[in-house]
Amino acid sequence: MRGPETRATAGRGGRAGRGAGWALMGGMLSMHFFDARSFRGGGLPNFGGMSSYSDMDQVWPRTASRAGGELRIGGVGVGDLVARFGTPVYVLDEDDFRSRCAEWTAAFPDGDVHYGGKAFLAPALVGWLRELGLSLDVCSGGEMAVARLGGMPPERVVFHGNNKSVAELRDAVEWGIGCVVVDSFTELDRLSDLARAAGVRQRVMIRVKPGVDADTHAALATGGENTKFGLSIASGEAIEAVGRVLAAPSLELVGLHSHIGSQIFDLGSFATAAERMVAFLKEVEAAHGVAVGRLDLGGGLGVRYLPGEQAAPRPAELADVLRAVVPADVRPAVEPGRSIAAPTTVAIYEVGTVKGRYLSVDGGMSDNPRPATYGAAYTASLVSRTGDAAPRSFTIVGKHCESGDILVHDVELPGDIQAGDLVAIPCSGAYQRSAAGNYNQVPRPPVVAVRDGEARVVVRRETQEDLLRLFV
């Protein structure tokens, strides 16, 4: 691991503009999962001077550029960043994050955009979301605590989760949280009792299983009948839950919720889910005489992790699909997380050893569990200099005592790559730092936000002392 050295002053640099045009992709969009063992992902082109990554704007952050072979993000060179903050380090392009938030709010001017905090959350991000007019989706007491620390008004927080504890529900009610998404009959009863004891009427949505099997990895699908989340329309659970909420004086039904999964490229799956939820709204009105005015269709829009993959649908395209289905008198809500956070961040590692085709870096499966968990495929690039040798295929592996500790399979990198070089893995902003662990007692990396030539820590580096304090 490369440690912080002297404090470096980052030079100021211009911002790269976002790519023009949101072209509609013809036909249905399908999610393709690559076999990480066989896919030969390409790195970035080796630009000699200052060049933009505009041809890969969905893989690398929007302000990314090269100067003499060195990667720059937000006007800050990786050499300066590593000298100041060490490696491994996550580098977050703040302008990119903000611009993606703005795309979502522009696409849904007549609805609500709840950022999915499980993708990545920190108090600084909460401040950006608050400033940009987004609300926040949390799914644990810990995420709720981060929302509070970041200053998010409680009325703009939605509380998810399939097994919220009594303590978490009590904290949510006492804080005045905007909405609790009820996931079971047990939770419904608990929340009703807690709200009654607190003397409040708690706003709730009911999470519904729409019976949609999205085209995605099995571990990421959440809208079918065989999922731990929500109450089934088909079995009658969902309509029963509506009746029980309406009968509870301490609860107020404000909407219905569904979420069909993650990394979804097929807009038809979202349309099908919306159609089934709209049909259920009509069933609720027929059965109970109540017009439910809010429909939260969750998140799940995919992102491109590899050059050459089909581009992901844009928020405006999803909005058009939903607008064609959801009645004008029903307020829609969406919950983007990965599609905002993932492309904004790169993970920077230092090369420790090169052994044949294996390139070992100073991080691994503890800071990015996705390849080991889902077989997720990434690309990588040499970012500290221009490579002079012909490219050859490498497999980037971590430092953990585990054969499966592989970050990138079969990526083309300059053949002269060596110890001390820096490599970057793009699209590292979602479900990496938030899902990171401490396997082999390895501390987790920091997250550094860059903007206009300035860099600041938003999550500090974990230390061995932090880990040792847990032992008694």
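These residue numbers are counts, starting from 1, taken along the chain as shown.
Backbone N, Cα and C define each Cβ position, glycine as well.
The feature active site, proton donor is assigned by TrEMBL to Cys401. Marked as pyridoxal 5'-phosphate binding site by TrEMBL: Gly300, Glu335, Pro336, Gly337, Arg338, Tyr431. According to TrEMBL, the feature substrate binding site maps to Arg338, Arg370, Tyr374, Glu402, Tyr431. Feature annotation from TrEMBL assigns domain 'Orn/DAP/Arg decarboxylase 2 N-terminal' to 95-342. If you look up TrEMBL, you'll see 346-429 marked as domain 'Orn/DAP/Arg decarboxylase 2 C-terminal'. What TrEMBL lists as N6-(pyridoxal phosphate)lysine is Lys118.
The Cβ neighbour count for Arg370 (substrate binding site), using a 10 Å radius over every protein chain in view, is 18. DSSP labels the residues of the domain 'Orn/DAP/Arg decarboxylase 2 C-terminal' (346-429) in these numbers: 5 helix, 36 strand, 43 coil. Between Tyr374 (substrate binding site) and Tyr431 (pyridoxal 5'-phosphate binding site), the C-alpha separation comes to 11 Å. Cα proximity to the residue listed as 'active site, proton donor' (within 10 Å) is found for none of the recorded positions Lys118, Glu335, Arg338, Arg370, Tyr431. In this structure the alpha carbons, written CA, of Gly337 (pyridoxal 5'-phosphate binding site) and Glu402 (substrate binding site) are 30 Å apart. Pro336 (pyridoxal 5'-phosphate binding site) falls within neither a helix nor a strand when secondary structure is assigned with DSSP, and so counts as coil. The CA atom of Gly300 (pyridoxal 5'-phosphate binding site) is located 16 Å away from the CA atom of Arg370 (substrate binding site).
A sphere of 10 angstroms centred on the C-beta of Tyr374 (substrate binding site) encloses 17 other C-beta atoms. Distance between Cα atoms for Arg338 (pyridoxal 5'-phosphate binding site) and Lys118 (N6-(pyridoxal phosphate)lysine): 9 Å, as a whole number.
Take the CB of Glu335 (pyridoxal 5'-phosphate binding site) and look out to 10 A: across all protein chains shown you find 26 other CB atoms. Checking the recorded positions (Lys118, Arg370, Glu402) against Tyr431 (pyridoxal 5'-phosphate binding site) with a 10 Å Cα-Cα cut-off leaves Lys118, Arg370. Note on the domain 'Orn/DAP/Arg decarboxylase 2 N-terminal' (95-342): mean pLDDT across this stretch is 93.
Note on Pro336 (pyridoxal 5'-phosphate binding site): other Cβ atoms within 10 Å of its Cβ, all shown chains, come to 26. Across the residues the record lists as binding pyridoxal 5'-phosphate (Gly300, Glu335, Pro336, Gly337, Arg338, Tyr431), the two Cα atoms farthest apart are 15 Å from each other.
For the substrate site, whose annotated binding residues are Arg338, Arg370, Tyr374, Glu402, Tyr431, the maximal Cα to Cα separation is 27 Å.
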